[in-house]
Structure formats: structure tokens, C-alpha cells
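What follows is a set of notes on a single structure, which appears directly below.
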Amino acid sequence: MASSSAGGPGSGDAAPPRRNSKRPKYSRFTQQELPACKPILTPRWVISAFLLVGIVFIPIGVISLFASQDVVEIVDRYDSVCIPKNFTNDKVKYIQSPGSKPPCHRILNVTKHMKQPIYVYYQLDNFYQNHRRYVKSRNDKQLRDPSSENDISGCKPEDSNSRGVIVPCGLIAWSLFNDTYNFSHNNQQLKVNRRGISWKSDRDHKFGKDVFPKNFQSGGLIGGGKLAYNVSLSEQEDLIVWMRTAALPTFRKLYGKIEVDLQKGDVINVTLGNYYNTYSFNGKKKLVLSTTSWLGGKNDFLGIAYLTVGGLCFFLALSFTLIYLIKPRQLGDPTFLSWNRGPGGH
Amino acid sequence: MYFLMVSILSATPYSPVHPVTNVVPLSLVLLVSLIKEAFEDWKRFQNDMAINNTLVDVLQDQRWECIPWKRLQVGDIVRVKQDGFFPADLLLLASTNPDGVCYIETANLDGETNLKIRKALERTWDYLTPDKACEFKGEVQCEQPNNSLYTFTGNLVMENQTLPLSPNQLLLRGCSLKNTQYIVGAVIFTGHETKVMMNSMNVPSKRSTLERKLDKLILTLFGTLFTMCLIGAIGSGVFINKKYYFLGLEKGVEDQFNPNNRFLVTLLTMLTLLTLYSTIIPISLYVSIEMIKFIQSTQFINKDLNMYHVETNTPALARTSNLNEELGQVEYIFSDKTGTLTRNLMEFFKCSIGGEIYGTGVTEIERGIAERNGIKLQEEKVTNAAHEKGFNFDDERLMRGAWRNEANSDACKEFFRCLAICHTVLPEGDESPEKIKYQAASPDEAALVIAAKNFGFFFYRRTPTMVYVRESHVERMGKIQDVPYEILNVLEFNSTRKRQSVVCRYPDGRLVLYCKGADTVIYERLAVGNDNLKKVTREHLEQFGASGLRTLCLAYRDLAPDMYESWNEKFIQAKSSLRDREKKLDEVAELIENNLVLIGATAIEDKLQEGVPNCIETLSRAGIKIWVLTGDKIETAINIAYACNLMNNEMKQFIISSETDAIREVEERGDQVEIARFIKEEVKKELKKCIDEVQQYFHNVSGPKLALVIDGKCLMYALDPSLRVMLLTLSLNCASVVCCRVSPLQKAQVTSLVKKGARKITLSIGDGANDVSMIQAAHIGVGISGLEGMQAVMASDFAIAQFRFLKDLLLVHGRWSYLRICKVVTYFFYKNLTFTLTQFWFTFNTGFSGQRFYDDWFQSLYNVIFTSFPVIILGLFDKDVSASLSKRYPELYKEGIRNVFFKWRVVAIWAFFAVYQSLVFYHFVTTSSSAAQSSSGKTFGLWDVSTMAFTCVVVTVNLRLLMMCNSITRWHYIGVGGSIVAWFLFIFLYSGLMTKHDRQENIYWVIYILMSTAYFYVTLLLVPVAALLGDFIYQGVQRWFFPYDYQIVQEIHSHEPDDSRTELLEIGNQLTPEEARSYAISQLPRELSKHTGFAFDSPGYESFFASQLGIKAPQKAWDVARRACARSKPKVSKKEKR
């Protein structure tokens, strides 16, 4: 290296500033010498990274799993049970037949102490709330603003009927879930609070306080629930909940809250109004009673995932350590360089 | 085009996304590339303007008018002054020299620097002055423009007189006028019709091979896209059913969802999905790559101090930014000789007189050998400061008359006289040693005469019969006398004789024949006896040859007057014979050139460019094969190959030459067809023989390296389609190949032979116009800049000042560029695939309806904003090993030749992890969100889940980038951190605002809802780690068990500080004071260079150390800011570790 500079001029003649020198200016950017840290994934780093992940993840996993275990959840599928015996072969016909339907009675056993609030969910299956035709079939402006009442773009086919525009328009609103649940415990009515079940931002901003339903469910085909005409949309919380479309075809939506504790061994009578049609597409309907933890409802997935990842990391750390001890590779061993390995060596 | 189509599609009702979101990134990307193209075009335009507007004198209205080259027309009479370039192919009419002679230099065409003589027709000699010249009337009939540089036939018709024209009257564009005040010529061909331009092939638009491979990758992505769309579309056709009453499919359904026409549904959903999955094609990839390359070339290559040549004040210049990464994959280099490998400077370097070696110089090649053996050569710093051009010799024993004290002083005297007398050089200018200039047919000759001058035998005048030499110190020290020698006969040099002799008569009547020539021919003709001297001199010759010097043997013979007289008669007879004069002269010469007495040998250094052998050695260690293509003679070419380390005596040489007796014999018969056929046969035979031998060597592994030497005439036939394959197999098996006497076009043909035939990446380097076609034919053309003659640079893609800079250009810039671009491309591929696949998995859960998972703006800004900046940083700053290590381990370059980092296997691994990660993203997020996600029991909707997933994707993809970096600068942190922050800022704003014109408030308040839950944070930690786990395991295992070479080199030097700095210290002394200070600061220990991210908090830290070193460092605001950055860093780097 040193000899190559011998031919260069001494610094003597280069030092005086030459006006039209094309010599590039020295900067660390152009010379690509920006300071940098150069992480090298040495076995030690790999092992300690694995250990670290293991150490962090396993406790989180345990905590999450405990949180999930704490949650008490009662699930009851009622879609086929609540069809009268003579209609079992033609459920769709039953559910679509006009007229009142007899209430359906279900009994739920509380297996564990449930602290209030106990959340009541309905869970639908095979219901594609995330279908493109479905998702876009609404008009947010109309929902929010009374002056945009006639703005029904995107709402087809449920945009208007013979009486005029529909508020709220669109398929989502039209197919509003309308099964009803009444709970009683020891012949005593359990009050279900149906307020505060939607996200506040939806209530306050997406659904107008002075927007009222209009011509809703008054066409030929009734899709689902009806709305009280004199209650503003921002207070129709079941609609608001319903209209926050779900991500997956199996989803839970909040129906209400029971604000009393339930003891272990309690028997709860549910009086079901079975009106909603999931029979056309073989969808299940489930009633869910659940408490929550800090992490939400009963979901072991997070905890298990954390434990799996953490455990895997521990395992890897261990096996890497073993390999490291049994068959170490000297770091920076020049014999590993491909041109030193010779053509024969792999 | 594709993106345009998608944008149009997105404007149709089938689109799941809003058209604006597609159009905005597209136009952004187009705009950037438009600006870049415009900028480069403008620069090219400026260059062209510079050439086209060079002025030339043209005869107009009896006056010389200056007009720019571009307005020159055929038939114009132009005047070209001394040292000027000819603007077009000219017919020489008149010259200021007597006899209508002018001298031209054709270095730009064929690389030869000796002057050539052109002579005007006698009839036109007078048209020198404007008033005369305007009387010139004539008609030129000539052949169509063609590319043959050495032929020209035509007629000049003047006043009913037809005069034949030959190449002797033709001045080609690209040559320059020398030793002539000015000439007047008529323009015959201009512009593209000139022979130089006909020789240059059409400028091919060059794209790098990597980019072409990238196209294939993009095509694969298209394939994937269509497969995905097809799956989705078929699914949608199957899925759609009236039973999903909530979809309102009963009446008046638009085509896309009409269950009664499933085929149409499939078709239209295809279109929908096409727009939905369009993100799989990285829209900003090409633009990002171009941007990266542009900065690489303008900021890194052009401004590299290691490639700045001080003497000529030339930095490197990347004329195109398309080929940066191609530089990292070059396997064959085609190099011109003159001006590229050599300086075209002959220097008298050593000599052997009477069995004694004189001369202390050390050639580059010797230095190289010594360095390899670990011997430190004492640096001969004092290469006598005032040494003359052409003379690089220093030995106290010979200089300033000291030779008189040598044992063999008589031999010395003869030696010097031989040098001073036996030549065909013309002295020019003042007759003083300092001012005289020698005009020689070859620079070798001039060097020898200059040597004689320096030894005190100053040749200063030549008349047709006499040579005058001013001899010093001959009879006694300090005495100077002018001695006239009568030159009786000159037996000239030609390629068959390989020697030159002069018969001269001393003033005292002594008759001597001085002879100089190749050792083989001289030794054949030596008198018997004195075997010891012969042996020693031969050893010396071999020694010189091994050092890469050009040797000549000197000999003399005392002639008896009567013997001479009888010979002279024969000579005169031969000279006046009409038939076969040349042959007869040779025969006569043979009669007298025998019984010679050996005096000694000269060794001339064909001065190599600085550092050439070292560079070539390094490059060949890097797995690059270097071919020399030169217009020179075969001997010269071989000699240079030796000097450059391309060949050595251990190598097995195959020489295919047309200079064999058999071929010459046929040639003498003169039947063109017969010659062609015969040479072709010969060449074929030779090739076959060589290949057979090669096969033999190939079988035993430890065989010698092979070298092939082939000359232009043979090459012409060998390039014939029928022999081409043979030539290729032969030459590819050779470590080095030398082609001599090749025309510019042949250079290009050889280049494209390897380029197309072997599908290897080629680089051509040259300095003259004769290299232009070669430069254009190769994948990469490199021009040597800084000297006169810009044609090569104009045609090139990169211009450097010195051959040795090739080392930096290839091993450092090329390798890094290749590495970076590979990483950028694979990363782009990965991030888009990952992102799109999450979308794809979602499709399965939406009844294949083509519902988008993410909000429109997420989707379109993903490529443009949230993930684009860090990857550019990566493309600019990533380096695996430092510049000096790259040069120290040239073998690392082989990874580029083998294309290790952009194989399908690499892509497949990335693809695999992309699939894995997308599955993690989608399923982890959706599965975990099935129940309530907050203690308030409320559930998430579609947009909550997708925002969650998108956040995970952005975070992961950005962290993945950090994982693949070899060096992490603060720009990386800014880039990666900035991208993640940008996403959060964006989502905070986007979901926080609700405007009147909002289409759908899907995202309204979503992020706030998400962030109010513990679930968000738990998932955000889990998903990226789980997603990156796979990659991390892979990287760890790969590094551990199957390390790449560069990784080992990293490990070897992991504990050394960045040693590129020590190397730069040399440059340090050229820095301006201000730069020196910033440089010195950069030398200080620095918190950012430590891996731990340990940060000093002492505010005066830098200035403290700086002041200790005597440097004043101003406390700047950004210092504080940077330190703040450094403090926040550990958190990021910790995440990256997982």
C-alpha cells in the first residue's frame, strides 16, 4: 500500500489551494466512511438473543394465559334447537314465515363464579360481513348527517323503496341482527343493559344524533331487525355494533351487559326470540356469556403463542449452545474461506 | 405500463380500491424517474454540444472562417493547424512542409504513437494559401463510406485529368496533425460517414444483467399474481350463491356478483383481484434502484478520493448510472495496451555491456515479485530527479564518463557508438542536448538515442550521408569533440529481419557494421568464440525479459575495405532491382550481417502505468480474466503481457500466428482466395491442436496455467462462425489471452464473442478511438480519461484516470453496488410479497369477493412511504467489509461473479420467509382477535383488525431490514425509525381527522381504539418477533454452518477498527485545513462506532479529544441532536437482535 503512494506528489505542491482542481472534496458520506456499527451474528449473539426472547416471552405468555383462564365463558348454540320439531327439515321456511314465533327457552349453567359485568354476545358463523358487496353497502354520510339523507350512493340494492329513500340504507343495516335474549335467574329477571355496547367514537361521530330511521325494513323483503323510528341512530347501539363489520365470517358481537355477579351453580333461563335467518346459509348462532380480563375475552391463543415462541427460543438457545460446545466453528477461521477450502472440500 | 393498467382498472367499479390511491404513487414514481432521465439527457446533450461546437477553419470567400464542426460539409476546404484533430475524413491537398508531406499521429485510431507520413498529390501542393485554395476545383470519386481504416481507393478528377488517390492522401478523423504548421484538405466524409464512426458500432443501450434478471423476477411475480388472482377468481365463482341473502343477491344484481352467471363473476373478480394484489409488483422498485444507483455513481464513484488522479487532476467519472452493480460481476476484462496498461513511454532502463549489468532501476514487476516474497525493497526515492523522458537509468559506473574506468571500457565505447549511430532517427530543433528533439519511427529508437546522448554520445545532426555525434570523455575525461561518421549503408528494420544494421566509416577510415536486433537473430549471426560472454549476456537477456523489459542485442563487425566494396556492389545491384527488391535486399544483407561481435544488450522499459502489475495480479486473484487486445506487434504484446504479470514462464503458451513460413509462402503467391483458404485451414489446425493439448492439461489438475496469443489475421479466420466455437473453448480455458495486431472492429468482435458466446460479463477498458467499438460492445466500457483524445471516454460508461483504479472501481464500488442492489431487490421482493400475501389469505375469508384487508391509503402508501426510505439507505450505506479489506481479499469478488446473492435459491428463501411471515401476520392477528379485545367487552371490526395487522407488517418489515444490514449507520436508525414513526403519525392523523369529503370513515378513530387496549401492545410485541424468528434462525444457522466468505472476513477483522482510515491517512496530507479537521475528528473514538450503542453524555466529549490533538472542533447544534439520537438507539437495536 505504501509503495503505491510513492509516485504521488509530495504534499508540498498539493497543499496550495488550486482553484480549478477537480479533486473531490473529502466527506465521509462520499468516501462511504460513515461511522457504523457492524453487528456480526456470532453464536454468542444468537444464543443470547434466543435466551432474551425466551426470558421475556415466557412470563408474558404465562400472564396472558392466566388472564385468559380467569375469564369465564358460557357458549350455547341454539340455531337448530330453537326450531320447532315440525320445521326441522325446513328451517328456512320457518324463519321466513311471517308472524310471531314462539319463544325458545334455553338453560345455562354457571360453572364458575362470574363477576359483573358479564357480557352477552351473539356469535354468528359463516356470515360474510366482510364480503365486498356487503362491506361497501352503506353510506356513512347519510348515517351522520341529516341533510345528506338522500345520499344513498353505494347502498344498492337496499337504497330506496316505494316510499322513498331508506335511512339507514344499505345491506348492512338491512340485515340487522334481531334475535332477542331475556335472562332470568331464579325466576327473577336479569336486567341486560344494552347501553354502552358500542365504541364511543362510533356513537359520537359516525352516527348522527339527529338522524332518524326512515322507511327502514318496509320494502318487500325484510332482511332483519327493525328500528324504532323515533330514536336517533346514535342511540341505536345494536345497529352501531352491527355496522362495525367484522373481519372474519365467524364473529361475535356484543348484545348487552348483565351487571350482577353470577355464582357458581346458578341456573339461568334464557328466553330467546329466534327471528334471525342464518338457516339459508347454514350459519350457526351462538349465545355467549363471558367476563373479561385486562386482555379481553377468553382467548388462549396469545398466551399459547407467547409460550410457544418463548419455549422455542429456549430450546433453540439450548441446542445452539450444545452445538457450540460440541462442534464449534472458530470465528474468522481463514481455512473456511472458499478459496482456501480447495476444490475438493464442499 | 402495468401500473397504468391497474390505475385504469381501479377507476372501474370492479375495483376494491379508490383510483386516486393508485394514481398518486404512480405519478410520484413517474415524476421521479422523469426528472432523472431529463437530467442525464441534458448532460449528454452538453457533451455532444462541446464536440460539435469545436471550431475549425474553413475556406469561405477566400478567407479562413471559423465554423463549428457540426456545420462542416463534404467538399469544404479546411485548414487544420499543428496538433489539431481532423474534424472529418480529409483529402490532403497541401501542407506547409516541403513535398506536400505532413505527419499525423494515429494514436486515437490504432494506439500507435509513432508519426505516420501522409503525402499530398504533387498536383495539389500549391493550394496552401486561401487565394490559391479557392481556385481548387476538382471532383473526387471514391468508394462508399466503409469501416476499413487502412484502405481507400478513389480518383481526383482535375481539369480532365484523373489522379488516383490512395490511403496516403487520406487524413482520418480522430488523428491529429504533428510537426506540420498546417495543412489544407478537402472534406470527403463527415460525421457518421467517417471511417472512425463507421468503425464504432451503434451505441447499444446498456442495461445491467442484474436488471435483466430482475425483469425475470418481476415476470415471476406477475405469474404469481395471476395464479393468485385465478385462485381467488375461481373461488369467487364457486362461492357466490343466493343463499347468502344478506348480500342482496335476489334481484337487480350487477354482473360481478350475479350468481346466475358464475363465469362472468369469475372473470370480473379476476380484474378486481388484479388491482387488489397489484402491490405484489413493487411500483417503486425501479425508481428506488435508479435513485440508489444515481447517488452511488455521482456521489460515491465520482467523488472517491482513491480514484482521483493528482497528476492529471482527474476524478473518476461514471457516465451512466445503470451499470454500477454490473461492476461487481465482471469476469472478463478486455484491455487495450497503449495508454491503458502502458504509458506509451519508452525508457532506457538497463543494459548489459560486455557481460556486466548496468542500471539500478527496479521494474514494477520485480517490485511485485519482491513484495509477494515479503522482501522489502529499499525505496529508491531518488530516481534522479532530473531524468529525461525516455531515459530512466542511473548507474554511477557509466554516467558522466565514469565508464572509462570500467574493465570493459572499449566495449562500452562501442556500445554507445552503436546506440548513437545505428538508427534512423531524425534530430530536430536546436542542436543542444537540452533542446533537441528526436523524430523516430518508434519510441524505442528515440529512447536508445537519448540514452546515447546521456552517456555522452550526443547525436545532433544527420545528413543523407553523415551522422554527427558529439562525443565526450572518449579520449580523456572532459574532452568533447564532434565526430562525423559517414553512413555508407542502412539495412533497415522489418519484421522478418528483426534487426537493423548500419555500415559506417569513421573519420579515421575504420569501416564498421553496427547491428542491433532481436537476440535470436543476432545470436545466429555471431562470430564463433567468446562463448562466455554470449552465455552471460543471454542470461542477462532472460533476466531482463523476465522483468518485463524489451531487449535488443547490439553487435558490431569490423569490415575489411575490399570485402565491403564487393558486398556494396551487390547491395547496389539489389537496391536497383525492379522485381522482388525487398527480398533481394534481405538476401544481400544476410551476406554481411554475420561474424558479428556481441557488445551487449539494452533493456527498455515500456513504461507501465503506475500499479498495473499489482492491479492485474489482484484482479486475477479476484477471479477476473484479463485479455489484452492490442494493435501492436506480437512480440511487443507478449512482452507487455510478461511485464504486466499476465504471463510468466511457468505458463504454457499457445501462439497462433500468421507469421509462419507456410503462410508467408502462400501469401507470396498472392492469390487472395488461396490465402484465405490456406490460413483458415492453418488456423483450424492450430486451434484443434491447442484444444487437444488443453484437454490434456485439463485432465491433470495441477497442470500449468495456459496462455493464448493470437494475431489479428488469424483471429479474422478464427472468428469465422465455423471456428468460433473452437476459439471460444480454447480461450475460455486460458488464464490469459493476448490478441495482437487486431483492428478496432476485431476488438469488438472478440468482446462480443465472449459476451454472447460465453454469457459472461465483460468489461472493456481503453483510451483511444480504436477502443471505442470494444468499449461499446462490452457490458461495461471503461475509458481512460485525463489524457487528450476523448473518444474512448465519450463512448464509455465509466471513465477513470489510471488502469489501477480499476481495482477500486471493481473490487470496492462494483462489489458494494452489486451487494447493495441485490439486497435492495430481494428486500423489495420480500416486502411486497409479504404484504400482498396477507391480503391473499384474507381473500379466502371474504368469500373471494376481493374485499381489501387494508385501507386504500395504507396499501398505496406502504410502498411509497412506509417502507421505501430505509431500503434506499440500505442501498447506499450497506457495506459488508471495508474498502481496504475488499482490496485485501480480492477473492471476495468471486461471490459477485458467481452471482451468489441473486440466485433463484436466494429468492426462493426470501419467498419462503415471505410466506411464513404473511401467515404469521394474518393468522396471529385474526385468531387472537376473535374474542373481545378489551376489558370493556367490545369487539373489533374489520378495520381494527387490519390496522393491527398493518402495524405489525410495517414494524416487522422495517426491522427485517435492519437484520439484513452489515453495517448500521445512524441513517439506518433514522430511516427505519422514521418509517415506523411515519406510519404512526400517518395513522394518528388519518384516523383522527374526519372531513366532509371523507368517502368512508372506516378508519375513523381506529388507532385510538386499538391503542386503548392492552391487546394491541401484547400483539405488537408478539407478531414481529414471531415473524422474524424464522429469518433469525436462518441467518444464525447460515452464518454458523455455511458462512459466506465475506462473513468470515468480517469475523477475522471484527476487532480491528475500521482500517480504511489508516489507508486514508495518505490522503490526509492533501486535505485542506478545514477538511483535515473534519477528518481528524472522524478519527476520534466515537460512540456510534461501538456496537453496544454506549453513549457518552459528557457534552464536551468531542472537543475535548479534539483539542488534545490540537484540533478545534466547534460545538455544533447537531452534535447535541446526534447524541440524542445515539441515546435513543439502544432500544431499536435491541429489537433488531431478536
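Placement of Cβ uses the backbone N, Cα and C atoms for every residue, glycine included.
Just so you know, TrEMBL annotations are computer predictions that nobody has curated.
Some features that TrEMBL has for this protein:
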ACT_SITE  B:D336  active site, 4-aspartylphosphate intermediate
BINDING   B:D336, B:T338, B:D767, B:D771  Mg(2+) binding site
BINDING   B:D336, B:K337, B:T338, B:E445, B:F493, B:K516, B:R550, B:T630, B:G631, B:D632, B:R741, B:K747, B:N770, B:D771  ATP binding site
TRANSMEM  B:20-39  transmembrane segment
TRANSMEM  B:217-240  transmembrane segment
TRANSMEM  B:263-287  transmembrane segment
TRANSMEM  B:824-842  transmembrane segment
TRANSMEM  B:857-877  transmembrane segment
TRANSMEM  B:904-925  transmembrane segment
TRANSMEM  B:940-959  transmembrane segment
TRANSMEM  B:971-991  transmembrane segment
TRANSMEM  B:1003-1029  transmembrane segment
Can you tell me which parts of the same chain pack against the transmembrane segment (B:940-959), counting only residues 6+ beyond its ends and a CB-CB cutoff under 8 A?
830-831, 834-835, 838, 853-855, 858, 862, 866-867, 870, 917, 921-922, 924-926, 929, 933, 976, 979-980, 983, 987, 991, 1002-1003, 1006-1007, 1009-1010, 1016, 1019-1020, 1023-1024, 1027-1028, 1135-1136
Do you know offhand how many angstrom separate B:N770 (ATP binding site) and the residue listed as 'active site, 4-aspartylphosphate intermediate' by C-alpha?
9
If H, G and I count as helix, E and B as strand, and all else as coil, what does DSSP give for B:R550 (ATP binding site)?
strand
Please work out which recorded stretch in B:824-842, B:857-877, B:1003-1029 has the most C-beta pairs separated by under 8 angstroms from the transmembrane segment (B:971-991)?
B:857-877
Rounded distance in angstrom between the Cα atoms of B:R741 (ATP binding site) and B:D336 (active site, 4-aspartylphosphate intermediate):
11
Tell me, please, if the transmembrane segment (B:263-287) and the transmembrane segment (B:1003-1029) are in contact, taking contact as 3+ Cβ pairs under 8 Å between residues separated by 6 or more positions?
no
At least three Cβ pairs under 8 Å linking the transmembrane segment (B:857-877) and the transmembrane segment (B:1003-1029), pairs spaced 6 or more in sequence?
no
In terms of Cβ proximity under 8 Å, which residues at least six beyond the ends of the transmembrane segment (B:1003-1029) contact it?
855, 916-917, 920-921, 924-925, 928-929, 933-934, 940, 943-944, 947-948, 951-952, 955-956, 959-960, 963, 984, 987-988, 990-992, 994, 1135, 1138
Hey, how far is the residue listed as 'active site, 4-aspartylphosphate intermediate' from B:D771 (Mg(2+) binding site), Cα to Cα, in Å?
7
To the nearest whole angstrom, state the Cα distance for the pair B:G631 (ATP binding site) and B:T338 (Mg(2+) binding site).
9
What is the maximum Cα to Cα distance, in Å and rounded to a whole number, among the residues B:D336, B:K337, B:T338, B:E445, B:F493, B:K516, B:R550, B:T630, B:G631, B:D632, B:R741, B:K747, B:N770, B:D771 annotated as binding ATP?
33
What is the separation, in Å, between the Cα atoms of B:R550 (ATP binding site) and B:D771 (Mg(2+) binding site)?
24
In angstrom units, rounded to an integer, how far apart are the Cα atoms of B:T338 (Mg(2+) binding site) and B:F493 (ATP binding site)?
22
If you run the three-state DSSP split on B:D767 (Mg(2+) binding site), which class comes out?
coil
Which residues of the same chain, at least 6 positions away in sequence, have a Cβ lying under 8 Å from the Cβ of B:F493 (ATP binding site)?
B:T424, B:R499, B:Q500, B:G517
Under a three-state reading of DSSP, tell me whether B:T338 (Mg(2+) binding site) is helix, strand or coil.
strand
Which residue, out of the binding-site residues B:T338, B:N770, shows the minimum number of other Cβ atoms inside 10 Å of its Cβ in this structure?
B:T338
Let me know the DSSP-derived helix, strand or coil state of B:G631 (ATP binding site), please.
coil
With a 10 Å radius around each C-beta, find which of these recorded positions (B:D336, B:D767, B:D771) has the fewest other C-beta atoms nearby.
B:D336
